[in-house]
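The domain 'PAS' feature in TrEMBL is assigned to 226-296, 348-404. Positions annotated as domain 'PAC' by TrEMBL: 420-472. The domain 'Histidine kinase' feature in TrEMBL is assigned to 485-705. As annotated by TrEMBL, domain 'Response regulatory' applies to 728-843. If you look up TrEMBL, you'll see ASP779 marked as 4-aspartylphosphate.
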Amino acid sequence: MSRTKRNYWLTLAIIASFIAVAVFGIVTFRNTFAVREVEQRIAKSHAVREATHQLLSSVKDMQTGQRGYLLTGNPIYLEPYRIGVEQIQAGFARLRDLTADNPIQLKHLDEMQQLVEEKHEYLAHTIQLRSEAPNEPIDDQVIEIVKSGEGEGTMEKLRDVAKQILTHEGELLQQREAASEHDAEVSRTAIMAGHAIALGLIVIAGFVAHVDRKKRDSAETRLDAKQSELAAVINSANDGIIAFNRDLGIRLTNPAAAAMWGIDSATSVGQSLLNFVPHQRREAFRHRVQDFLESSEASMPFTDGVGLRSNGEEFPCQGEITKTRSGEEDFLTLILADVSQSRDLNAKLRQHTLILDQVRDAVLVCDKDDRILSWNEGAHRLYGLSKSEALGKNAAQLLFPDDRPLWDAGRDATLAAGDYSAEFTQRTADGRQRIVEQRRSLLRNEQGEPTAQLILSIDVSDRKREEAKERRSQRLESIGTLAGGVAHDLNNVLTPILMSGKLLKQGSPNASRLHDTIVTSAQRGAQMIQKLLAFAGGDQSQSEEVDLREILSELEEILSHTLQKTIDLQISIPDKLDLIHADSTELSQVLMNLAINARDAMPGGGRLDIQVENFYVDPSRASHSDNLNAGPHVLLTVADSGEGIPKEVIERIFDPFFTTKAQGKGTGLGLATTLGIVRSFGGDVTVYSEPLAGTIFSVYLPSSKLTQPKVPAARVENHQPPRGNGELILIVDDESLIVETSCETLQSNRYRTVAARSGAEAVAVFQNRGNEIDCVLLDMMMPGMDGLDTKDALRELNPNVRVIASSGLRRPGSSGGRLVDVDGFLPKPYTDEQLLNMLRNVLDA
């Protein structure tokens, strides 16, 4: 179809639509008038019905006023009567006006008006009778009128006529409403039909116009799409894009380039590109572009460019210039990147890396998947792994290969609380064990979401060793104090032994009594030495479930030898006490430190009270201490009646090397060591003192919530110790007297014995008679090949050989676990009963 025909049909459709709208508008206008006329008639019917009801109501008001006046004679009741008469007259006038065009209703009105006039005459007559004697009592005639109900017949007739009027008007109303609905439906149909026809014609016209427009604009649409696509790419690019002519005039600038220069994109068009190059570089830039245009190269990259912002600030940039052709026109395109931020960032990163590498401690960053993102030289020094060996690796697998739950617990705690700190042992790349204090902090992005963990690991191995040395030094100081008190009693023990020995040699007749004296004194000496060794302890802290009552029981006897007789020692131990998780040796040191401190505070004597009890630390009390948590604790109280401590001294009393004693009388480590030990158990120490009123130290130790009643010491039954059955026992000891007495004791109890006085001799004997030997009694402290090496050599010959270790010191606790495989331990000195019982238990196991 030609364009002329398309325009013809379009015009015709528009004209037809206007004609259709006009025709249906006329029809709608006519029907609208018809509907309005019907609605007026409906309204008139409603008015007739309402006026009829109002007329009946007025007649009733008139009658009510008449009855009230007849009964009371009060003229006030004539007011409703008069109002009713007036309303009746107005009501008939309105009804006649409304029904003037309806003969049937006018006939009904005539009949109704006649009845009302009769009713009015009757009422007026009765009122006249009553008005002749208004103040007289009601006579019989009036009462008879009221009771007779005269006039009710008239009222009934009135209601019948009114009903006829209402019924007829209701029929008319139904007819008129039906006619109104019919006319409205005709109007609606006409309107909808007209709109539908007009809309259809308009749609047809629009479709014809749309097809024509679509074909006409198809090429423009495709061109606009390409241009929009290209503009979107250019405007969304992060790098600056500038198109300029051969004379360096700017044709186009994208938002990134405009932001880079600090200008608006529109204002840059037409300016020279040299305006955005520093003055001292403009001539060189012009020659460089000219050389590029004369060359055959399609592009020219550069990395050392310098740009100029609108505020005069220079910035480093890099990019590429390419030759572009559009139709018959040639121009150039510059793609530019501002590298100032990346250069600054790289410089800062290098600076931060240098700073972190100067930190002595290990600093590393791990992402949420535990991959290592940062690794400083401190981490290299601690773990023995270079940055290339650590970056990108899983931290848990690299640093905690044997204890993954420890890493997971730290990570989960950091994610939950935002930070975490702990102390544990880690193995380095070369197999060394290092004690590490680790602190973690959660790193978040700008949205507050967790992204990584910052981990600071401090090697505290050397510090721990120094602390152990300090504690050992302080413990030795306490032992020196203790030894002074023990020396006297130990000499008292040795004196009867020496004297009894000489008497026995001289043939004293009281041999049995002297023998008992020697045994009793030796046992007392052994107990004193064992308690001294128990206090001295080893260097390793071995935490375990500890009953503080047992330590106090041992301490009571030690202090009885240490404190001067002028000090009254009172120790209160309850029947039941919660266990605590601690090292018994260090706990003994804490008690001894506090007791000696109290002793020094009472040079002239006094009272020392030591009490222990279960105690619940409430949240309020825990909030006043950085090291206490709310919950069940064991409270140890050490109170003296000494000189007290001044306020200025109390503030520094726990500082290391702080002492108020004279030069050479103390190291100042006692209370500092006490506080450090107690806090390592998760507890705390407080002190309260008043000058000349004494001092109270309160030690809070966390309870393990396991109550263990004190077990009474087993009573020694007077029975024969178990004897042997001919078993062969190898006795290894460098002390000849111990070898001889042990052999004699065992042989007299039906054992066979073979002796060796060194480790090497024991191995030689075992090589020859290993199949016969049932058990080895082995001294652990021998010159040359000691007991541990001897035990290992014997186990190589026979892994199942039974070994009983014996030593005059405490059972070793720092030997790397090499004593865990002995079958028994017999501390020296031991009695024949202890030897025989131990041997029997091992052989029967």
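A Cβ is built for glycine as well, from the same backbone N, Cα and C atoms used for every other residue.
Because TrEMBL annotations are produced automatically, they should be read as predictions rather than curated entries.
As the structure is a computational prediction, the values presented were derived from the model and not from experiment.
Using the rule of three or more Cβ pairs under 8 Å, pairs at least 6 apart in sequence, the domain 'PAC' (420-472) is in contact with the domain 'PAS' (348-404). Annotation for the residue listed as '4-aspartylphosphate': same-chain Cβ neighbours under 8 Å, separated by at least 6 residues, are VAL732, ASP733, ASP734, GLU735, ILE738, GLY787, SER806, SER807.
Mean per-residue pLDDT, taken over the domain 'PAS' (226-296), amounts to 85. The residue listed as '4-aspartylphosphate' falls within a strand when secondary structure is assigned with DSSP. The DSSP breakdown of the domain 'Response regulatory' (728-843) into helical (H, G, I), extended (E, B) and coil residues amounts to 46 helix, 27 strand, 43 coil.
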